[in-house]
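> Just lifted these from Swiss-Prot, have a look:
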- His10: active site, tele-phosphohistidine intermediate (ACT_SITE)
- Glu88: active site, proton donor/acceptor (ACT_SITE)
- 9-16, 22-23, Arg61, 88-91, Lys99, 115-116, 159-160: substrate binding site (BINDING)
- His158: site 'Transition state stabilizer' (SITE)
Amino acid sequence: MDRLLVLVRHGQSEWNLKNLFTGWRDPNLTDQGVSEARRAGALLAAEGLSFDVAYTSALTRAQRTCQLVLEEMGLTGLRTIADQALNERDYGDLSGLNKDDARAKFGEEQVHVWRRSYDISPPGGESLRDTVARVLPYFVQEILPSVLRGERTLVAAHGNSLRALVMVLERLSPEGIMKRELATGAPILYRLGADATVSEKRDILI
């Protein structure tokens, strides 16, 4: 049984390009982001991979990435489940602010703490711990059972929601996951054993 799980962060969004805190705001992909998503699909197809089900967030940039990946793989119309449990970390009052402007307004050290600490949230927003607490129940209840049934599964989501999955799959500490950067449009492949432990993990690169 092939217990395949592939994670891919959405391609570059319009707000990534503008260096804005995005969170639950809903910009679309840039042309580069579209290219990144298509490249991810082409890389997965070149590996001879296929999927039985895809999961994505409620946000356009992730859904569009998922659609483009599947198109490149010849899987248009694949069963795709969108849920806000997989949304990006909510940056609250920082959402829509340029990151340099936020540093000027709140101070560089404070913004660094909000971005890079595990359990401190910006005003009105989520910490990474909050994001993990939102994402993991959905993973355990919905996505993981799919994988363990042998359904080859794609998850197209966001840097921080995917960090939550990487954290549990790779058994990383909060400190370890904070150091982990996930590139846009770069697939990560996992194969799981019957006990849900990772038997294979690799980055799929050009």
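Glycine too: its Cβ is placed from the backbone N, Cα and C atoms.
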> I want to verify one value. Collapsing DSSP to three states, which class is Arg9 (substrate binding site)?
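Once the DSSP labels are grouped into three classes, Arg9 (substrate binding site) ends up as strand.
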> Where Lys99 (substrate binding site) and His10 (active site, tele-phosphohistidine intermediate) are concerned, what is their Cα separation in Å, rounded?
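Each residue's Cα considered, Lys99 (substrate binding site) and His10 (active site, tele-phosphohistidine intermediate) end up 20 Å apart.
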> If I take the Cα of Glu88 (active site, proton donor/acceptor) as reference, which of the binding-site residues Arg9, Gln12, Trp15 has the closest Cα?
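Closest recorded candidate to Glu88 (active site, proton donor/acceptor) by Cα: Arg9.
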> Taking only the Cα atoms, work out how far Arg89 (substrate binding site) lies from His158 (site 'Transition state stabilizer'), in Å, as a whole number.
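Given the Cα positions, Arg89 (substrate binding site) is 8 Å from His158 (site 'Transition state stabilizer').
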> Report, as a single number, how many Cβ atoms besides its own are within 10 Å of the Cβ of Gly159 (substrate binding site).
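By my count, 17.
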> Does DSSP put Lys99 (substrate binding site) in a helix, in a strand, or in coil?
helix
> According to DSSP, which kind of secondary structure is His158 (site 'Transition state stabilizer') found in, if we only use helix, strand and coil?
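Looking at the DSSP assignment, His158 (site 'Transition state stabilizer') belongs to neither helix nor strand, so coil.
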